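Look at TrEMBL and you will find A:205-413 tagged as domain 'BAAT/Acyl-CoA thioester hydrolase C-terminal'. According to TrEMBL, the active site, charge relay system annotation covers A:Ser234, A:Asp328, A:His362.
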Amino acid sequence: MFQLTATPASALADEPVHIRVTGLPPLQIVTLTASLKDERGYVYQSKAFYKANEVGELDLMEAPSIGGDYVGVHPMGLFWSLKPEKVFRRLIKQDVMNSPFYVTLNLYDSVYVQVSTTDQPRASQTVQRWFSGPGVQRVQIQEGRVRGALFLPPGEGPFPGIMDLFGGRGGLVEFRASLLATHGFAVLALAYFGYEDLPKKLEEIDLEYFEEAANWLLAHPKIQKPGIGVISVSKGVEIALAMACFLKHVVATICINGPNAIYEFPLRYKDLVITPIPSFMERVQMDVLGAMRLRHYKGDARDELNQKSVLPIEKAQGAILFIVGDGDECMNSREYAEQALDQLRSHGRNNGRMLVYPGAGHLIEPPYTPLCYASPHRLGSGILLWGGDPVAHAAAQEHSWGEIQKFFREQLTQTRSKL
Amino acid sequence: MIQLTATPASTLTDEPVHIRATGLCPSQIVIFQATLEDEKGNLFHSQAYYKASEVGEVDLDHAPSLGGDYIGVHPMGLFWSLKPEKFLTKLMKRDVMTSPFLVQIKLYDSNLPLAQIAATDPKVSVTLERWYRAPGVTRIQVQEGHLRGALFLPPGEGRFPGVIDLFADIGGLIEYRASLLASHGFAALALAYCDYEDLPLHPEKIELEYFEEAVNFLLRHPKVLGPGIGIVSISKGAEIGLSMAIHLKQVIATVLINGPNFVFSTPQVYRGQISQPLSFSPQLVSINALGLAQFQYCFEEARSKASETFFLPIEKAQGHFLFIVGEDDKSINSKAYAEQATEQLRRNGKDNWTLLSYPGAGHMLEPPYSPLCCASKLSKLHLFMQWGGEVTLHAAAQEHSWKEIQKFLKKHLIPVVTSQL
């Protein structure tokens, strides 16, 4: 009798699941699939083919997949290789507090390259993947100009405070903040356009808005003083680096795949205006499916004429960690990080560090997040290529997540212990 | 005044077009866009950014594209980089006789984001006709004996070298390559073998006698030059083409495009002898980040263990072979199969073959300027099957191989004496 176990059955989305099958015919080749329906009703699926051992067992911690969405030993492969049935969709959890993603694991006793709705699995298990842990609190924020959501760990605190900035897609993305809160940080997921009464489109970066948010966070009774961290991705990196340069309360900054200079729109902070480096629209490249590779699109931050747009990172007081996907098709992320580190070195500073992940793409997210290779960026913008080799990208997400938490614990706790 | 010219305005689809714009501002950045609507109403687009010269001109024969669907100097880039609006729709001309594809070339003189082009009027545009048959080519529906297909004849009295055109076993009748071959002087028989008229939907076996009948039919035709005929074949069609070359001595020139040197899926039968297919290991499929399936290595398990009897005895063929291989073929391991076949010929002391291997080219090698289709939904499965190919390299391979195919056929089918007259 076939048995499929997946433990734990309910876990945080960034925790691994141990999948085992028993009761198979010895050496039988079987199909394992995973499927998930997101909150908009879009279905994501993955599959892999495995060979049972001589006693008819299969342990995904040890057995290699021989084909399908991934090959080799990848215990969480079925999760990170989930693909949308409707191509170019990106999986993002909207409600991070009250509901998990339900992932159904199915076992078929032979090779099914394509599973139809009439095919019955021989065994099935559904696991829950949560984006917040018990006791985590979510507080909707509408203080002054600040718009977003604050996630607090359970307990009295105070907790190390982090601001979470996503990129040019706008709106409010909460799942990373809620997961970090589950790991003991107080995290403000901050929106800056395309959300509530914030501007619909991004036309300039007003650093005083982010300063207001940082000050508000630091003033919160449950947030440790005297400094906060910032985690950012893509366009958000420009903002995070600017905060690190100009706001002395930002003492730890993580920059994932983003520029060290101002692009597209000017940045304004009090009297200071940093004008953007121009982009070269004609340098867009379409891949074979018509998705746009923007990697070569932006002007060169090392060009002498563009130096006034490069952020004065030597002014940053705190530590900076650059996380780079070398397979990023959207931005020349490695170049930006290297230039920033060169700039620090040339000013005798050593507060910057870089982690480069070969084969990882632009959207480096918490572990087991399915690789989104390309998706529409904003309404009417066309499909953007993010890049990434699935196996390398999954490994990068797993490794970097540990590094992110370690970095914030070291930098933010040290600050506290200096008191 | 801005002027856009594209000449000739009406051409065979495998002929190049010269596109030029004049009257622009010096060093101005412009966007060229091509649009085509197929017979089912699907739209295809391509675009490229160019910089005008100091005298305000862009000549696509000399100027490099700076970005868009291709980069570099590619005079026909707008054609072969056409992409469907609807995901992975393949461009295929069904009516090859009475209508061309209309391709609109448009020029935008402002530096627009591509997403806004659809909502903007071009500065100037021209429409081109791309025909799949030359003037005077005739099409005859074939329903002789068991045969089902269409015979395309060049204009004139003849006689013309005869060619049988075989596609993969997706069914129906695909005519565009035969009509183009006829436009270049061949009597070309587009031959269906499944899912067409009264042919079986999914034949249980491929009977070589059917194809023998087709060879005899062609050679009997008053406008066909004998004593032998040629074959142009791809994929499963190339498997059949190879068997025809082995068993039928009237087949004297065989073009095998991305085909196997063994039988796969449906067995072959000839005069009672069955050639069994090599077994397929579906579990070896590899699915990429976008969910496109690569079946390239699904025969490798069987191939490595198979006895010699599974491989078609190519050394028995009397005619000549032209192997055309797309090295980036992701549906079957074309390069390995062609190399094994030519190795078998070498071992038997034969030198009746040429192998053209194209890096970066995929499975679907078609006449020049055909847009690359990198994957298709197979009706039998709900998967997208990847064909492979890198756009620019695939286009170059199509251009080169098409000329080589015609040269090869003419060399072996037209006796030297005749061509000197």
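Every residue number used here counts from 1 along the chain in the order it is shown.
Just so it is clear, glycine is given a Cβ too, placed from its N, Cα and C backbone atoms.
Nobody curates TrEMBL annotations by hand; they come from automatic prediction.
Shown on the structure are the features that TrEMBL records.
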residue: A:Ser234; record: active site, charge relay system; Cβ neighbours (10 Å): 25
residue: A:Asp328; record: active site, charge relay system; Cβ neighbours (10 Å): 27
residue: A:His362; record: active site, charge relay system; Cβ neighbours (10 Å): 27
**Prompt:** How many whole Å apart are the CA atoms of A:His362 (active site, charge relay system) and A:Asp328 (active site, charge relay system)?
**Reply:** 5
**Asked** For A:Asp328 (active site, charge relay system) and A:Ser234 (active site, charge relay system), what Cα-Cα distance in Å is obtained after rounding to a whole number?
**Response** 11
**Item:** Model confidence over the domain 'BAAT/Acyl-CoA thioester hydrolase C-terminal' (A:205-413) (mean pLDDT, whole number)
**Value:** 95
**Prompt:** Should A:Ser234 (active site, charge relay system) be counted as helix, strand, or coil on the basis of DSSP?
**Reply:** coil
**Prompt:** Looking only at DSSP and grouping its letters into three states, which state does A:His362 (active site, charge relay system) belong to?
**Reply:** coil
